[in-house]
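Here's the structure we're looking at; comments come further down.
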Amino acid sequence: MTHYIQGQWHAGKGHDVASMNPANTHTIWTGKTATAEQVNAAVDAARAAQFDWFMLGFDARLAIVETYRSQLEANKAELAETIAQETGKPQWETATEVGAMIGKIALSAAAYNKRTGTEANDTPAGRAVIRHKPHGVVAVFGPYNFPGHLPNGHIVPALLAGNTVIFKPSELTPKVAELMVSLWDKAGLPAGVLNLVQGEVDTGKALASHPQLDGLFFTGSSRTGHFLHQQYAGHPGKILALEMGGNNPLIIKGVQDIKAAVHDILQSAYISSGQRCTCARRLYVEQGEQGDALIAMLADAVKQIKVGPWNSQPQPFMGSMISETAAKGMVAAQANLLNLGGVSLVELTHLEAGTGLVSPGLIDVTAIDALPDEEYFGPLLQLVRYSDFDQAIKLANQTRYGLSAGLLADSREDYDYFLARIRAGIVNWNKQITGASGAAPFGGVGASGNHRASAFYAADYCAYPVASVEADTVSLPATLSPGLSL
């Protein structure tokens, strides 16, 4: 059970791959990658199934998707544990991820009807009707940080709209993908409607470049997203939806309850071991005694964050990063910032060789003149002290990204001022910036995406509008155009 093509499970014909629990390096999944021929077979299966899937109609498609929701409910404990073991995230957090997957079904159905349903109006020219049709065959590339929820957020609306899908998950989370697709199979999804190909870069390239794709929906790094954007530049007929990362700012201004502010900072910067695309990377705190007090409390709170394996009891706030490589990357990022003039307030350390376990870090980068505009994808928060609000907003906007941003402030006037000037697709006030609603769009500007917001707006890129003017019979107009006689 590695690849799912035309409703059947197949062994891979490529090279050996394995998935390890990043908290203890135990191997939890093995398989072989999909070859280009197997990718072709998956695309062919999706193409053959697409028209019949569309012609079932929305209600019939929804019934199958709702059966999948029932499968998620029945298997939520196993799915949450699988996500925890493969990503290293604590069990409390993976349970919330599965809950989000279940909730996505109703939200996606509502979004389909609201964003891409059918509307008819009588006009003097005839009955004007707006309908929506699926693009056809689409690929979904999933990330490792939310290996269930984020690809689910593409797959469910794509299927509801009548598309067929080839799912290529992260090579770091193949077991989660296999379990997800097995639940779709149990839900009675017709053969070829959803196909799974596992693999690394070569598999991804074979799928992304396939001439029979009508679209590709991607969640992942800005680097890979930009590569896909370049690849699709000469194909205006294909829909490309990119959901990428961010170098996200959080500004603190005039907050009286600094304990509450510290809580929101911790939730913004360190949840999921900093491996959320919306995590705060840069923290802007006012100069002065109040800012000093907040930073002192924050540093103490960061030192007290509990870190541990996915199954530790009592449960930790932070689990493992996705791999030892990722952990070492964060140590290197911290060293680079220190070399540039940063001052460590709480040192990020690699806790155990061979694992992805790291402690959270806090570094004052105020003295760095040219702060690197990088998304350091882990639990390292960069602190900048500012003298006035306009300076803070200017610094916050000094990024090529534009995913999330936030303001913790007691003044509504300050928030309105901030909201009008900050450049980001997700802007929160007095809430953690990792908090997003599935009933709202999710996406950013700049290097964070290509204006294809997901979540509630995923329906928009899963179908295209068809405008019609209709009449029940062919009839001669009462008045002919000048120059015509009949």
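Cβ atoms are placed via backbone N, Cα and C, with glycine included.
According to Swiss-Prot, the features are:
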BINDING   Gly220, Ser221, Ser222, Arg223, Thr224, Gly225  NAD(+) binding site
ACT_SITE  Glu243  active site
ACT_SITE  Cys277  active site
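Mapped onto this structure are the features recorded in Swiss-Prot.
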residue	record	Cβ within 10 Å
Gly220	NAD(+) binding site	21
Ser221	NAD(+) binding site	15
Ser222	NAD(+) binding site	22
Arg223	NAD(+) binding site	11
Thr224	NAD(+) binding site	18
Gly225	NAD(+) binding site	23
Glu243	active site	27
Cys277	active site	29
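The NAD(+) site, placed at the center of the C-beta atoms of Gly220, Ser221, Ser222, Arg223, Thr224, Gly225, has further neighbours from the same chain whose C-beta lies within 8 angstroms: Phe218, His226, Phe227, Met244, Gly245. Calculated from their C-alpha atoms, the gap between Thr224 (NAD(+) binding site) and Glu243 (active site) amounts to 11 Å.
Here the C-alpha separation of Ser221 (NAD(+) binding site) and Glu243 (active site) works out to 8 Å. With respect to their backbone Cα atoms, Arg223 (NAD(+) binding site) and Glu243 (active site) stand 12 Å from each other. Taking only the Cα positions, the spacing between Cys277 (active site) and Gly220 (NAD(+) binding site) is 8 angstrom. Separation of the C-alpha atoms of Gly225 (NAD(+) binding site) and Glu243 (active site): 8 Å, rounded to the nearest whole number.
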